[in-house]
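As written in TrEMBL, here are the features:
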- A:Glu109: active site (ACT_SITE)
- A:Asp11, A:Asp108: Mg(2+) binding site (BINDING)
- A:7-185: domain 'UmuC' (DOMAIN)
- A:Ile16: site 'Substrate discrimination' (SITE)
Amino acid sequence: MGAPRWVLHVDLDGFIAAVERLRRPELVGKPVVVGGTGDPTQRGVVATASYEARAFGVRSGMPLRTAARRCPHAVFLPTDPPAYEAVSVQVMETLRTFPAVVEVVGWDEAFLDVAVADPEDLAQRIQHAVLARTALTCSVGIGDNKLRAKLATGFAKPGGVFRLTEATWWPVMGRRPTHALWGVGDKTARKLAALGIRTVADLAASDVGELARRFGPTMGPWLRRLARGEDRTPVAAGPYVAKSRSRETTFQRNLTDWDAVRAEVAALARRVAQDVVVEGRPAVRVGVKVRWAPFETRTRSVGLPTPSSEAAVIEAAALTALEGFEPGREVRLVGVRAELDRAGP
DNA sequence: TCTGGGGTCCTAGGACCC
DNA sequence: TCTGGGGTCCTAGGACCC
C-alpha cells in the first residue's frame with residue numbers, strides 16, 4: 001500500500017517583478033512595473049506588476065501607458081528574459097530534488113505528481129527549499145488532479161498553501177463565475193451567460209448536447225467536465241517538444257511602406273530559421289501574420305514542398321505567404337511562424 | 001484600458017477522393 | 001447526367017494561457 005497520490009501546482013509569486021527586486025534591493029517596497037522596453041510612453045503591455053503597483057490597479061496585460069496613468073510614481077523596467085530564464089532553471093532544479101514527477105509549464109510554474117501522506121507538509125518543504133535556493137516565495141496548490149491543483153494555487157496566493165479536491169469542489173467553486181475556471185476566458189464566459197449559465201454549478205448541471213451544439217463536439221463536453229473539476233491529464237515529465245516557433249514585432253509607429261514590411265518579414269523569417277535549427281526539427285509550414293491598424297489581425301501560410309531548416313527556404317516561404325496580403329493599409333505588427341515536423345529531422 | 005510576444009488547441013469550410 | 005455520404009487534408013480564424 002503506497003501513500004496517496006497528489007498533484008501539486010507550484011507558482012512563483014509575482015515572478016518577474018520578484019527577480020528584478022532581487023537584483024535591485026532598492027526596489028523593495030516600491031511599486032514596480034515590468035514590461036516592453038521599460039518606457040511607459042511606448043507601445044507595450046505589463047508583464048508583471050509588484051503587489052505595491054497592483055494596489056493602484058495595475059494588472060498584467062494592461063498597456064504601459066495605462067499603468068503609468070494609474071501609478072505614475074512606479075518604477076518601470078524593461079523585460080529581461082535571459083535573467084528570468086536563469087532563475088527559472090534554479091527553481092525547477094530545486095523542484096526536481098523532491099521525489100516527484102515534475103512538469104514545467106512556464107518560467108514560473110510547475111506541476112508535481114507525488115505520493116505522500118501529508119501533502120501540506122511537502123508543500124511547505126518545497127516553499128522553504130525554493131526560498132533557500134533563490135530567495136523567492138511561491139504558492140502551492142494541492143489537488144487530486146492538475147485542474148484542481150492549478151485552481152487551488154489561486155487561493156494560496158501569495159505565499160500560502162491551499163488544498164482543493166473532489167470533497168471540497170462544490171463549496172469552494174460552485175457559486176463562482178464560470179470565468180474562474182482554467183480555460184474559460186471572457187468570450188466563453190459571455191457566451192455561457194447568454195445561455196443563462198453563470199456559475200460553475202450552472203455549467204456543471206447544463207445539458208451536454210446543448211453545449212456540444214454551441215461549442216463543438218470536443219469543447220462542449222469538456223466545458224462540463226471542467227465545471228465538475230474532472231481532469232485526467234497526466235503530469236508529463238518528458239522534455240518539452242515545441243510544435244511551432246515564431247517571432248513577431250509591433251512597430252512603435254505603424255508602417256506605411258510595403259517594402260519596409262517585406263524587409264521586416266524577411267528579417268523575422270531569418271530569426272525563426274535560427275530557432276528552428278536550435279529545435280533540431282525542420283519546418284514543414286511557414287506562416288505570416290499581419291496586424292492592420294488599428295487592430296485587425298490576418299494570417300497566411302504556405303506548406304513547404306520538403307521539410308527544411310534553411311534560412312533561405314524559410315525566408316522565401318514567408319515572402320510568398322506575405323504575397324497573400326493586399327498592401328495599402330497601415331501595418332501595426334508583422335510576425336513569422338514555422339510549424340515544425342512532428343516526427344524528427 | 002487603444003490593446004506584447006510566445007505558445008497551444010479547437011472549429012469550420014472547401015477541396016479532393018472513393 | 002445527376003446524385004450520396006464519409007474521410008482526410010489544407011487553411012484561416014478564434015480562444016485561451018503565461
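Positions of Cβ are set from backbone N, Cα and C atoms, glycine also.
Because TrEMBL annotations are produced automatically, they should be read as predictions rather than curated entries.
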Close in space, distant in sequence - A:Asp11 (Mg(2+) binding site), Cβ under 8 Å, 6 or more apart: A:Asp108, A:Glu109, A:Cys138, A:Ser139, A:Val140, A:Gly141, A:Thr153, A:Lys157
Those recorded positions listed as A:Asp108, A:Glu109, and which of them has the most Cβ atoms within 10 Å of its own Cβ: A:Asp108
A:Ile16 (site 'Substrate discrimination') CB neighbourhood, other CB atoms within 10 A: 26
DSSP three-state assignment for A:Asp108 (Mg(2+) binding site): coil
The domain 'UmuC' (A:7-185) [mean pLDDT, rounded to integer]: 95
